[in-house]
Amino acid sequence: MSNEKILIVEDEAIVAEDIASRLERMGYIVTDIVASGEDAIISAITTPPDLVLMDIMLQGKIDGITAAEQIYTTVKRPVVYLTAYGDEDTLQRAKLSGSFGYLLKPFHERELRVTIEIALSRHQAETEIQQALELAQMLRKEAEIQSQLKSQYISLASHEFRNPLTNIKAWAQLLQLYGHTWSEEKQQKSLERIQIAAEQMNQLLEDISTLGRTDIDKNFFHPVQINLSQFCENLLKIHQIMIGDKYSLTLICEGNCEEIYLDEHLLAHLLNNLISNGVKYSPHGGKIILKLSCQETEIILQVQDQGIGIPQGDLHHLFEPFQRATNVGSIPGTGLGLVIVKRVVELHGGTINIQSKEGKGTTFIIRLPRRSTIDN
């Protein structure tokens, strides 16, 4: 038994009822019987059928061919024409309209079934082909984007690695040539400079790797249920151990933050970047505050420092790769941390804003949708 739904467009009531009876005997479902092109369009939109049987010569301002064209354009449903006129002009016009079949009245029940089944099969095949083409186009575009991103990261990496690599090479050569004549203190300072440059390269490599994975590999995003307040408390404890008593780290938590769905790996990268920035750009004795506000529909994270602040003219480009504020001076940095922060926020479907005044500190405000499950 067939379950396909068919709309009948026929202005002769007796003929329409006869066609409906035949279709129902064959197992099809008749969604509607209408007598004009205008009503056919309305019916096809309100109750989309799987196929339309359309008489060409109809009552009203538009004929069946015009109605069929509008139906296919609007709801993409195949149309089989019905007509008592077999002249060449009518046939040619029907062909040009993109019809899926043509039946001359009177027709046998077997002709009706075969024509309908061929039209339905053809439409399904064309739909699948179109979907395959669209998928192929999407995959091709995605591959092009991935290729461009990879090329961009390689180009940026080679450029940014050059400076620390040059420092390492220069100090290594100086140590090799003159190290035996230097004091132990001077040798130690040279080794420290090499170590700092190596750490810069390592941080740069890690940042580029993370940024590349989050941009290219969508499977890199894995939200799980975490106790956000406990997560942040543990993170701050680690940072406090690393920085000692030179800075003060404070956690403020509002609301129920115990069952939150976030990617904990990416969240750690986000908070590590913001907290490290707060420490890096703050004077000794400065206070960095991490504030959580877990509301019914969203999570708000704020990281506030008392550092050098950001000039207003720099705010708009800080989320671009390798862009840093103009007032950082000799403070080291890769220029990728905030790019990663923004990408992590975007993967969670959230937003990030900056409030800053030069010389007065900076506050990053992140809003993330609160998920009730992993799939939401």
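Glycine is treated like the rest: Cβ placed from N, Cα and C.
TrEMBL annotations: computationally assigned, not manually curated.
What TrEMBL says about this one:
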- 5-120: domain 'Response regulatory' (DOMAIN)
- D55: 4-aspartylphosphate (MOD_RES)
- 156-372: domain 'Histidine kinase' (DOMAIN)
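Around the residue listed as '4-aspartylphosphate', taking its Cβ as the centre, 25 other Cβ atoms fall within 10 Å, counting all chains. Residues in the domain 'Response regulatory' (5-120) partition by DSSP class (helix H, G, I; strand E, B; coil) as 56 helix, 26 strand, 34 coil.
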